[in-house]
2 protein chains.
Amino acid sequence: MAEGLLTADAARSLVGSVDAFLFDCDGVIWKGDELIQGVPETLELLRKLGKKLVFVTNNSRKSRRQYSKKFKTLGLEVTEEEIFTSSFAAAMFLKLNKFSPEKKVYVVGEDGILDELKLAGFECFGGPEDGKKNIMLEANFYFDHDKSVGAVIVGLDQYFNYYKMQYASLCIRENPGCLFIATNRDPTGHMTSAQEWPGAGTMVAAVSCSVQKEPIVVGKPSSFLMDFLLKSFNLETSRMCMVGDRLDTDILFGQNTGCKTLLVLSGVTTLPELQDASNTIHPDLYTNSVYDLVKLLQQ
Amino acid sequence: MAEGLLTADAARSLVGSVDAFLFDCDGVIWKGDELIQGVPETLELLRKLGKKLVFVTNNSRKSRRQYSKKFKTLGLEVTEEEIFTSSFAAAMFLKLNKFSPEKKVYVVGEDGILDELKLAGFECFGGPEDGKKNIMLEANFYFDHDKSVGAVIVGLDQYFNYYKMQYASLCIRENPGCLFIATNRDPTGHMTSAQEWPGAGTMVAAVSCSVQKEPIVVGKPSSFLMDFLLKSFNLETSRMCMVGDRLDTDILFGQNTGCKTLLVLSGVTTLPELQDASNTIHPDLYTNSVYDLVKLLQQ
């Protein structure tokens, strides 16, 4: 079914029929370190209307604590408990699946994943530190790895290199039962306000190709994050609206979990892409940016 | 159809029915920098029998000239003209497709690709040099790229990093008509004798994910390399035998181009993998290593 443009009537009906708004962050709330216009007014209005707000991001570079600080820096009051990151989801996945505390976790990613793992009580290594390590493919070079690694987590990693690819591959291939977890598979993202950058999906694609195996995905559009979120709050997904800028993660996530869905065109998806015949993912509603909610509700 | 084990009869019949043997290198002739047992005797016998020998490798790390030196170091006399690498194939692809000499080529890969491009008269950059460059994803950081890049070539790259992923992505996405060429898509390879390593396929998967586009593949199993090879020699593919250790590149390449095919188990493919129900690629014949040809023909 084709999506509908968010009109004043549709906005009133939407706000009347949901108790909670789930917001993606990159491309919806901010672009890189720049706040998107009208976001403070929108969040303020929705809070005034008694709506619960939750921020769900696939960006695993930061922990919940770091994200809460980022919100503060941008002038927004958001608590850690309102934030669900794919880095947090990865740690919670291990916790819920009773990952043995005697095993270690190897991380292809940044501090957000390491921090969440440590907060959850897991021993982990890799991350930015291994970004400094080089491989020299020379005769008889043997690359050793830790046999006690029981899970590899792959997320967005600006320090990605051949060393980490091989380390992750050896753990997944040679350590019996080693889990291969991806925070998410976004191909690109607005990591800076100026342009798009390769997303976690590119690191996941490389490691997945090397080990010829598909990962367990814990971020959007996987329903793992939603199941966990529902356990934390007393909410029904039919009374929730997922607001995002990506069709294949945000909107699909909302649809997979039974939420209403609103696509904003302030991030990576353009109107021609949404309306292209090849697109099979259709949100319930779409609009330019979250600020339209304020403008339309005040009409 | 199921493959047959190479017997003495099958070996005699094979040698009698072909004029040329095409050998893959990694896992067939050598593993890393170690010669596989019996290779000198095998090549000597086939040359004595008047067979033409061609060496076809997807490993793009070296140029034809560098490979010729490697053969010499290992005690094998092989001329540059007998060697077809995916790095050479990439340069020849641009030449045959009349790539404008006013445009530049960006290389995600190693010296082999840069050397072959320069020999063919093309201006290129990237490669190991860009492996030293780092990205810091910070606010308002804008990453610029050369708008005169008309082709990006991605091959095996032990210096792969986030900088190159973004550089390649910007050229492919933003430079009108920019070609996206992969030397090959091998997921792994015996880059050292001791173990397997991520292959060019992993770098290709990452860039392909970032730009959401499939590359033109010039190495095995693409028939481009064979078309070029046939132009260089006066041969019929039905009178050729492709000898390789990978089903999805070597054997598929042989089948795609009409050669007889012989799988050797001295590289990445194991007998259980060959005989697994999920495998759909079946060589005409298989054996442990090329040395079996000598042993069987002398029975």
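Just so you know, glycine gets a Cβ as well, placed from its N, Cα and C.
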Per TrEMBL, member of B:Asp245, B:Asp248, B:Asp276, B:Asp284 binding Mg(2+) alongside B:Asp24, B:Asp26: B:Asp245
Output field, Mg(2+) shell: CB within 8 Å of site CB centroid, site B:Asp24, B:Asp26, B:Asp245 dropped: B:Cys25, B:Gly27, B:Val28, B:Ile29, B:Thr57, B:Gly189, B:His190, B:Gly244, B:Arg246, B:Asp250, B:Val264, B:Gly267, B:Val268
Pairwise Cα distance for B:Asp26 (active site, proton donor)/B:Asp245 (Mg(2+) binding site) [Å, integer]: 8
Between B:Lys220 (substrate binding site) and B:Asp245 (Mg(2+) binding site): CA-CA distance (Å): 12
Pairwise Cα distance for B:Asp24 (active site, nucleophile)/B:Lys220 (substrate binding site) [Å, integer]: 10
Sparsest-packed among the recorded positions, when each Cβ's other Cβ atoms within 10 Å are tallied, from B:Asp24, B:Asp26, B:Asp245: B:Asp26
B:Lys220 (substrate binding site), number of other Cβ atoms within 10 Å: 33
